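Only one structure is covered here, and it is reproduced in the block below.
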Amino acid sequence: MVLLPSMTSLLLVFLFLYGVSPVISDGSDHRYKVGDDVPLYANKVGPFHNPSETYRYFDLPFCSSAPVKEKKEALGEVLNGDRLVSAPYKLEFLGEKNSEVACRKRLSREDVAKFRDVIAKDYYFQMYYDDLPIWGFLGKVVKEGKTDPSEYKYYLFNHLQFEIFYNKDRVIEIIVRTDQNFLVDLTEDKEVQVDFTYTVRWKETEIPFEKRMEKYSLASSMPHHLEIHWFSIINSCVTVLLLTGFLATILMRVLKNDFVKYAHDEEAVDDQEETGWKLIHGDVFRFPKHKSLLAAALGSGTQLFTLAVFIFMLALVGVFYPYNRGALFTALVVIYALTSGIAGYTAASFYCQLEGTNWVRNVILTGSLFCGPLLITFSFLNTVAIAYQATAALPFGTIVVIFLIWALVTSPLLILGGIAGKNRKSEFQAPCRTTKYPREIPPMRCVWGHRIYTIYSILSIVFLILVIVTAFITVALTYFQLAAEDHEWWWRSLLCGGSTGLFIYAYCLYYYYARSDMSGFMQTSFFFGYMACICYGFFLMLGTIGFRASLLFVRHIYRSIKCE
């Protein structure tokens, strides 16, 4: 009981050190006087339909009136692909401007071709003004009813209109618009002189500073509002809960009938042949094959489940307020590192309960079961990002930091957890004695049976329902397996619970081809690569939940009957 408060305190310290504040705040005072420079940073550009494919702002031939300065970023910001640099626009506090020239540049034919190519791909830009995100498109394509792309007209937006709202000495909101009256024709391959201009207007508002992020809570990273279909959510929750209740009721009634039947059989002739799940009471707790791998999967799944719980707790208390750059990635790295001890302890203790002897190899397997595939996937995708010169490519320094976290925090805690689990000295609690020779299993018949989500409360409810449904469905399938006199339920319960991860990945295939407009090798590899890691994590986490629920169920039913 002492472990949880100490871990929570350590977690908050690590989050603070890595730049994640556990309160709804931007981490600074944000108070300005008239004429003060308010920081405006240009972040990145990229195709609208490929959210993973982003590039540095000045990878495109924009101009700047002063030397470009890079902003020092936290670990989570780098993992998120943020690369903030000083923008060419100067927005002093309460300083209004009208068609001010930010900078001038003569675009070469290569620059024109580059801008024309990104405009055709619907490129957008992202900036941050006083930590408030803003977006806009770089240009537009005018087709005028023509079908031949060579006849299209390509225009670059060279004028931005900034509308800024303030409350006393603080910036509350900023809106950027592109002026359709200021266009630069880039259709022809020729040099063009471009003046990048901007207009600034300030307006007073009554919105307090503490609520300035609320407008982003129901919006995604692009101008698409998140629609919440409350009726559908409530209907889904009620339906799932009713189905779970019906399943529990039916299963308990069937078990009750089984208990009555077996009790009646015990009072009848002693040599009467047993049937059903009672018949295999001498085999149901026979330790499975590949018990080291099973224990490692349970340890990794328990760690990922703990990680998910902590993430939801932090989200519900407001740590991940909208567009807190990199906060989620920082929390994932830090919490995963701090919970590695849970994986080591769970895996080693369960492995020793199954009479395993090589606990060191088991701990090593536990540490690499999830991190190994993740490392291979990251190495490939990071190489792709480097080849594309995208912001998703992690700098060498960031990779070194992650390696040090793994070497100095994750690995020691994993080993300490494994030592604690090995020294637990607890035996596997089996209510029935296992026979010397296993029974033959009868043959079985086959049975068929860009948006950022910020509504964390709804997401938590859905996650809780997912856990409950996984547990109940796995228990039901385990009962059917035992009733068919198949005592090898260990691995199957884990696979049944984890099969949801396969369904999620199958839906990713459908989403990519039927619902999204993503394209290109980089976006495709990033989408399927990292979704494979996420679905694999779901497989381990939900498989652990299914196995734990089945283990409790099997112990309960065999404890309720007389076993010789």
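Each Cβ is built from the backbone N, Cα and C atoms, and glycine gets one as well.
For reference, TrEMBL has these:
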type	residues	note
SIGNAL	1-25	signal peptide
TRANSMEM	230-252	transmembrane segment
TRANSMEM	293-321	transmembrane segment
TRANSMEM	327-351	transmembrane segment
TRANSMEM	363-388	transmembrane segment
TRANSMEM	394-416	transmembrane segment
TRANSMEM	453-477	transmembrane segment
TRANSMEM	489-513	transmembrane segment
TRANSMEM	525-547	transmembrane segment
Selection from 230-252, 293-321, 363-388, 489-513, the stretch that has most Cβ pairs under 8 A to the transmembrane segment (394-416):
363-388
Which of 230-252, 293-321, 363-388, 489-513 contacts the transmembrane segment (453-477) most, counting Cβ pairs under 8 Å:
230-252
As a test: from 230-252, 363-388, 489-513, pick the stretch that has the greatest number of Cβ pairs under 8 Å with the transmembrane segment (293-321).
363-388
